[in-house]
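Trainee: Below is the structure I would like to discuss, written out as structure tokens.
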Amino acid sequence: MTLLTLEDVGKSYGAVQALSNVSFQVGPGEIVGLMGDNGAGKSTLVKIIAGVFRQSEGTMRFQDKEVHFHAPVDARKAGIEVVHQDLAIADNLSAAANIFLGRELHRRIAGFRWLDHAAMAKRSGELFNELKSETRPGELVRRMSGGQRQAVAIARTRLADAKLILMDEPTAAISVRQIAEVLALILRLRDAGIAVLLISHRMPDVFDVCDRVVVLRRGRLVANKAIASSSPQEVTGLITGALETA
Amino acid sequence: MSDFSNVRQVSWHSRGFLASQTAYVTLALALLVAAISVVAPEFLSFGNLSNVLTDFSYIGIVAFGSTLVIITGGIDLSVGSSMGLSAIIAAMLFRALGPTAVAAVPGAVLAISVVGGLAVGATIGLINGLLIAYTGLAPFVTTLGMLSIVRGLCYAITNGQGVDITGPEANLFFRLSDGTLLGLPVPLLYLLALGVMMGLLLHHTARGRYVFAIGGNERAAALTGVPVQRVKTGVYVLSGLTAALSGILLGGWLGSVPANLADGYELRIIAASVIGGANLLGGVGGPLGAIVGSALIEVIRNGLVLARVNTYWQQTVVGAIIIAAVLVDRLRSRRLGQ
Ligand SMILES: Nc1ncnc2c1ncn2[C@@H]1O[C@H](COP(=O)(O)OP(=O)(O)OP(=O)(O)O)[C@@H](O)[C@H]1O
Ligand SMILES: [Mg+2]
């Protein structure tokens with residue numbers, strides 16, 4: 001079984017052809033690195049898989065069934081969670097409120113559904129512990145460091161029983177120690193049987209944790225290789241175009 | 001929890017409510033009340049206090065709705081006009097139904113008139129909300145247009161004449177809109193009840209949380225599955241409803257609804273929300289702020305009257321307070337490095 005299959009996926013924003021003929025697969029529990037220069041189309045691809053946009057061409061299959069996501073909720077229902085490049089969290093809310101945004105826990109009092117603050121704080125605390133992140137559930141995101149924000153965005157993906165987690169540059173703009181934490185976390189997700197599509201500009205990230213690397217250049221897939229049979233030099237060449245394909 | 005070295009524990013005085021604009025505006029209000037009481041003891045007389053509490057309730061009730069809109073990052077300039085049209089329609093229904101068979105059922109005329117007036121406010125809010133949430137029109141321009149449309153309707157349907165509230169149940173109308181209960185003016189009781197409801201809505205329901213999330217990061221809210229358009233439409237409907245209620249109460253107090261009822265009130269209402277801590281950039285605000293902001297404006301107005309300051313100065317002073325309140329907040333945020 002393959003988890004995710006893309007076949008000839010393309011996307012245009014008006015006159016801009018951001019993606020064309022992208023085909024690759026992600027297996028269950030596999031960590032795939034997605035690399036490419038600025039504007040190569042990585043975020044666009046993530047947003048298509050996550051149901052934020054529809055592709056203009058091509059088909060997408062999840063667990064061997066063709067899927068048409070009309071909204072992020074559809075992708076989430078199928079078992080796909082995302083950490084967006086700009087994290088998509090609300091600064092003016094607490095960590096716990098962000099984690100549960102759109103799927104709050106409730107309890108019934110006098111016939112009405114009220115937010116269950118205690119349960120959400122408790123679950124958030126557990127998630128942060130699991131992620132070994134030093135983040136308080138009640139803290140406002142506005143007061144948090146980049147690594148803590150990242151932890152909030154990642155903790156969100158752990159609420160449901162996800163099968164595939166898309167991470168758009170989770171290690172950009174955080175400290176070296178925090179990068180190590182995020183990478184360790186990705187390995188732990190894999191151990192739990194969760195597949196990860198990791199977008200990164202950092203070669204060491206990809207070579208540390210990924211099983212395979214997929215390279216996009218100007219919207220086209222130019223490589224899809226096992227990490228074991230590639231090298232940072234080769235991938236750099238593929239990204240810049242010094243190497244045509246591999 | 002363990003001793004996290006990289007998590008700065010924020011000291012108690014710069015956290016939560018105590019650190020909010022609402023908190024120091026409350027403090028300013030308390031100091032002002034104390035100062036006026038010393039300078040002009042008649043401030044504390046029963047009659048004067050009762051007047052102040054009534055007057056500020058009209059503004060405060062609408063400031064709740066206005067604050068909800070402001071938290072989402074929007075603005076509603078049409079509230080003054082909505083107050084006017086809702087009160088006019090309610091008064092017209094009340095007059096028209098008085099001599100009909102409906103009057104045989106006790107309270108029916110009043111109930112239908114009030115519901116009719118509220119429906120007018122809700123409809124105005126719904127139109128605002130749909131235009132803003134679904135077609136992406138700017139809130140400022142949309143509600144500015146609505147301000148003018150609705151005020152025009154007020155003059156057109158009344159021919160510029162006031163509508164007297166008369167009919168068999170007029171006394172019931174006045175008791176419910178301008179009476180007292182346990183010695184408190186009823187508008188104040190409506191204000192307090194609505195304030196509690198708004199607090200529960202904002203802080204203890206998912207809908208309320210979405211209102212904050214949209215103001216904080218609308219795109220993120222949409223990505224996480226928050227029904228952004230419905231929530232946005234909802235806050236304008238609530239804004240229209242609070243305006244309608246306040247307009248009807250104001251009509252009951254006056255005994256007659258002039259075509260220019262609450263003309264220009266939108267500025268006082270928005271000022272009250274902003275002074276109380278609602279941030280026009282979105283994401284911040286609450287019922288307590290709406291109450292404190294309205295109270296501060298009214299106490300200043302009343303204080304200036306008692307001090308026999310020319311009433312023309314009121315507007316100038318209120319404007320200065322608006323700027324002072326947001327300026328203090330700005331300086332404080334900068335000090336905390338936010
Ligand atoms: N909403 C949009 N409307 C129009 N064009 C867009 C939009 N989003 C992206 N693009 C264009 O599509 C192309 C691919 O963008 P995308 O954000 O997917 O790149 P990326 O690989 O994620 O880049 P980066 O490394 O900078 O994050 C770019 O040319 C970009 O300008
Ligand atoms: Mg990107």
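Just so it is clear, glycine is given a Cβ too, placed from its N, Cα and C backbone atoms.
Summarising the annotation, TrEMBL assigns transmembrane segment to B:23-44, B:56-75, B:109-134, B:179-202, B:235-257, B:269-292, B:312-328.
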Trainee: Is the transmembrane segment (B:235-257) close to the transmembrane segment (B:109-134), in the sense of at least 3 CB pairs under 8 angstroms with a sequence gap of 6 or more?
Mentor: yes
Trainee: Considering only Cβ pairs within less than 8 angstroms, which of the stretches B:23-44, B:235-257, B:269-292 has the most against the transmembrane segment (B:56-75)?
Mentor: B:269-292
Trainee: Excluding the flanking five residues on each side, which residues at least 6 beyond the ends of the transmembrane segment (B:269-292) place their CB within less than 8 Å of a CB in that stretch?
Mentor: 20-22, 25-26, 29, 59-60, 62-64, 66-68, 70-75, 77, 79-80, 191, 194-196, 198-199, 202-203, 212, 214-216, 318-319, 321-322, 325-326, 329
Trainee: So what's near the transmembrane segment (B:235-257) in sequence-distant terms, Cβ-Cβ under 8 Å and 6+ beyond its ends?
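Mentor: Sequence-remote neighbours of the transmembrane segment (B:235-257) are 54, 57-59, 61-62, 64-66, 68-69, 71-72, 74, 76, 78-80, 82-88, 90-91, 114, 117-126, 128-129, 132-133, 162-165, 173-174, 176-178, 186-187, 190, 194, 211.
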